[in-house]
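Enquirer: To start, I am sharing the structure in question, which I have written as structure tokens.
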Amino acid sequence: MSLLPPLTIRLCSPRGFCAGVDRAIQIVILALKKYGAPVYVRHEIVHNRYVVEGLQQRGAVFVEELDEIPEKHRGQPVVFSAHGVPKSVSEKASLYNLFYLDATCPLVSKVHKQAIRHQRHGRHVILIGHSGHPEVIGTMGQLEKGAVTLIETVEDALYYQPENPNKLGFVTQTTLSVEDTAGILDVLQKRFPALESPATESICYATTNRQEAVKAAALGSDLFLIVGSSNSSNARRLVEVAERFGARQSILVQRADDIDFDRLGTLSVISLSAGASAPEIIVDEIITAFRKRYNVKIELAETAVETQQFLVNRELRDVILTPQDMAFVSGGVKTGRNDDTQMLKIEEK
């Protein structure tokens, strides 16, 4: 019989890498295998330091601007991050005669196309998102200056004054809070009944799925841990969702070492999820850290099963990706269904 105090960990599923993040990391790894180091990457490929450092160790070099690539290495490939880039970046790459591989998430690319479609139909584009986020910069950069208005809050929506309220279309950043976005859209649609929606939902399936799993696990949690980086939009939204839906406390952690166990107080139930840029190996690391201090029982809070996969760039499809190539980010509890795992009953809405 264990002398350690009992602890239930509610493990959210889905969690961690989405198909777009998986694809972006694979593109860098496959480019390194095919073309050799260095492979340059414009901006962090995904917003996670562990992933970035792991790729750096394999020969990736991260830059913020194409000008930072030494002239002697301009024959090497440069990868554009999963967040997408303004058109000016690919135009500059062509001007420099760079060989670039676009790792923009296909769902972000779809938002770009939706914004362009709105403009072609004579609509001014409203983008709901967070100022300064690379995805927002990339989406706004698909159209000329002045063609897109960024709306961040309900207050922005209340005071927005368009030139022509009858010729508006909206798109959204893919990693937003579903509830916050709904609140903004409610205001916009009441003020501007002619506001055109995109052809398909802009907030991506993975963002929605991770938020739904967090909602299911939050109520009754003494602590909700979200694995992710401070610059990860979707991870920060998960922290907010956890607290909004009943967790006593929710914190963002990058590694197990970030957890100050001495200050956690008495715990009986904690919940654990990970942002779409956070590797499963860190989830394993955190569970292991708790097992050293508690007699852990795992419950799986599963709200969806994800099977989505995206093809890598055509130039890389002749390279074989092995499990060892992805071992630095892969974990051992991807589904969470271990021998001591129980399913958490998810109430039907």
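Using the three backbone atoms N, Cα and C, a Cβ is placed for every residue, glycine included.
Sequence annotations record features per position, and here Swiss-Prot assigns active site, proton donor to GLU135 based on sequence analysis. Feature annotation from Swiss-Prot assigns [4Fe-4S] cluster binding site to CYS18, CYS105, CYS204; the stated evidence is sequence analysis. The annotation dimethylallyl diphosphate binding site is assigned in Swiss-Prot to HIS47, HIS83, HIS133, SER232, SER233, ASN234, SER277 on the grounds of sequence analysis. As annotated by Swiss-Prot, isopentenyl diphosphate binding site applies to HIS47, HIS83, HIS133, SER232, SER233, ASN234, SER277. According to Swiss-Prot, the feature (2E)-4-hydroxy-3-methylbut-2-enyl diphosphate binding site maps to HIS47, HIS83, HIS133, THR174, SER232, SER233, ASN234, SER277, an assignment based on sequence analysis.
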Enquirer: Could you give the maximum C-alpha to C-alpha distance in Å for the residues HIS47, HIS83, HIS133, THR174, SER232, SER233, ASN234, SER277 that bind (2E)-4-hydroxy-3-methylbut-2-enyl diphosphate per the record?
Expert: 15
Enquirer: Around the (2E)-4-hydroxy-3-methylbut-2-enyl diphosphate site recorded as HIS47, HIS83, HIS133, THR174, SER232, SER233, ASN234, SER277, what other same-chain residues have a C-beta within 8 angstroms of the site's C-beta center?
Expert: VAL46, PRO134, GLU135, THR175, ASN231, ALA235, GLY275, ALA276
Enquirer: Would you mind sorting out which of HIS47, HIS83, HIS133, SER233, ASN234, SER277 (the binding-site residues) have a C-alpha within 10 A of the one on CYS105 ([4Fe-4S] cluster binding site)?
Expert: HIS83
Enquirer: Of CYS18, HIS83, THR174, SER232, which binding-site residues come within 10 Å of the residue listed as 'active site, proton donor', going by C-alpha to C-alpha distance?
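Expert: Checking Cα-Cα distances against the residue listed as 'active site, proton donor', the binding-site residues within 10 Å turn out to be HIS83, THR174.
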Enquirer: Is it possible to get the count of other C-beta atoms within 10 angstroms of the C-beta of HIS83 (dimethylallyl diphosphate binding site)?
Expert: 28
Enquirer: So which of the binding-site residues is most packed in, judged by how many other Cβ atoms lie within 10 Å of its Cβ, out of SER232, ASN234?
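Expert: Ranked by Cβ atoms within 10 Å, first place goes to ASN234.
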Enquirer: Compute the mean position of the Cβ atoms of CYS18, CYS105, CYS204, which form the recorded [4Fe-4S] cluster site, and then list in sequence order the other residues of that chain whose Cβ is within 8 Å of it.
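Expert: Once CYS18, CYS105, CYS204 are set aside, the remaining close residues are ALA19, GLY20, VAL21, ALA82, PRO106, LEU107, VAL108, THR174, THR175, TYR205, ALA206, THR207, ALA276.
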Enquirer: At the level of the C-alpha atoms, what whole-angstrom distance separates SER277 (dimethylallyl diphosphate binding site) and THR174 ((2E)-4-hydroxy-3-methylbut-2-enyl diphosphate binding site)?
Expert: 13
Enquirer: Could you state the CA-to-CA distance between ASN234 (dimethylallyl diphosphate binding site) and THR174 ((2E)-4-hydroxy-3-methylbut-2-enyl diphosphate binding site) to the nearest Å?
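Expert: Each residue's Cα considered, ASN234 (dimethylallyl diphosphate binding site) and THR174 ((2E)-4-hydroxy-3-methylbut-2-enyl diphosphate binding site) end up 9 Å apart.
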Enquirer: Three-state secondary structure of SER232 (dimethylallyl diphosphate binding site) from DSSP?
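Expert: SS state of SER232 (dimethylallyl diphosphate binding site) = coil.
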Enquirer: Cα within 10 Å of THR174 ((2E)-4-hydroxy-3-methylbut-2-enyl diphosphate binding site) is the criterion; apply it to the binding-site residues CYS18, HIS47, HIS133, CYS204, SER232 and give the hits in sequence order.
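Expert: So the list reads CYS204.
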Enquirer: Would you mind listing, in sequence order, the residues at least six apart from CYS204 ([4Fe-4S] cluster binding site) in the same chain with a Cβ closer than 8 Å to its Cβ?
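Expert: Long-range Cβ contacts: CYS18, GLY20, CYS105, LEU107, THR174, THR175.
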Enquirer: How many neighbouring Cβ atoms, not counting its own, are there within 10 Å of the Cβ of SER277 (dimethylallyl diphosphate binding site)?
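Expert: So the number of other Cβ atoms within 10 Å of SER277 (dimethylallyl diphosphate binding site) is 31.
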Enquirer: Which Cβ among the binding-site residues (THR174, SER233) has the fewest C-beta neighbours inside 10 Å?
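Expert: Checked THR174, SER233; of these binding-site residues, fewest Cβ neighbours within 10 Å: SER233.
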Enquirer: Tell me which of the binding-site residues CYS18, CYS105 sits in the most Cβ-dense spot, judged by other Cβ atoms within 10 Å.
Expert: CYS18
